[in-house]
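The block underneath contains the structure these notes are about, expressed in structure tokens.
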Amino acid sequence: RFIAKPCALGLKVQANGPQKAQPNAILEKVFTAITKHPDEKRLEGLSKQLDWDVRSIQRWFRQRRNQEKPSTLRKFCESMWRFTFYLYIFTYGVRFLKKTPWLWNTRQCWSGYPYQPLMPDLHYYYIVELSFYWSLMFSQFIDVKRKDFGIMFTHHIVTVTLITFSYVTNLTRVGTLILCLHDAADIVLEAAKMANYCKCQKLSDLLFLTFAVVFIVSRLGIYPLWILNTTLFELYEALGNFPALWVFNVLLMVLQILHCFWSYLIIKAAYKAISKGKVAKDARSDVESSSDEEETVPRSKAPHSTVTTNGTSGANGTNGYLTGATSSEEH
């Protein structure tokens, strides 16, 4: 409110939200009581009842759905807050870990386990990270509901469970490695989103491609070869079999499955960015495109009337992993 908003206004980030639909009692009743996505039959019925063409009614429903979405200014402020947090906690994690013996030798994670002292710096690192992910899990219900809501919610549950479980069982040394590794890509992602909201397209595309490289290298390369290797093999060699080992590794494997899914989406977007010369529209977009539904109307149902009483198409906007001129979360 006091830092991000003035910065956004200084960068000329658009403060207004999506265009609002013209008030209409009949359409509002259908929208609130029956459906937000009317089918073709209902659209034809409403067209006859209101003497509107089908496209105008589709446009009204699209604008009505979009008008409750956040403005670009609000999304910029949210991204700036997350960017600030990720940058701070990643810097803190690196400064802490470079003083520890287990950063370069993961076998030190299990030396003396479970009688490893809980250092104040490590305790602070854990509590701050746990607090942040709890806030993400709860705020997801009041933020814009995106297409990957279920996957992101699963990710937050797994993350909170992992942090809590590793803290309780004193598996905190390897936990600090996992936390620091995951924060690296998120910094670049939030920076790319801020550049997109500022309409700095070239910078946004460059940051997104950088994010794609960092994400894939860290989540599909370093994570399995460094983290999973020590939790699956080195931990078993050092301490043998015990119940917490299997619970911990199952949660880590679930996290890796999510990494693979997101990497697929990122590679797909990066391919489009390279082939078309710009980053394509995000599949997780939280504001609908003006042409999404109109293209689905059969030509035989195209309007003949020239009367349109509810304005033009809604504004575009996004808030997910990708960025683009037409566009947008998970991670």
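Glycine too: its Cβ is placed from the backbone N, Cα and C atoms.
Automated prediction, rather than curation, is the source of TrEMBL annotations.
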Quick one: which of 79-97, 174-192 does TrEMBL have down as transmembrane segment? 79-97
Using DSSP, break the DNA-binding region (29-72) down into helix, strand and coil residues and give each count. 30 helix, 0 strand, 14 coil
Report, as numbers and ranges, which residues of the same chain sit near the transmembrane segment (123-142): CB under 8 Å and 6 or more residues beyond its ends. 85, 89, 92-93, 96, 149, 152-153, 156-157, 159-160, 163-164, 167, 172, 175-176, 179
Long-range neighbours of the transmembrane segment (206-226), counting only residues six or more past its ends (CB under 8 A): 106, 177-178, 181-182, 184-185, 188-189, 191-192, 195, 256, 259-260, 262-263, 266-267, 269-270, 273, 279, 322-323
Surrounding residues of the transmembrane segment (149-168) on its own chain - C-beta under 8 Å, 6+ positions past either end: 126, 129-130, 133-134, 136-137, 140, 174-175, 178-179, 244, 247-248, 251-252, 254-255, 258, 261, 329-331
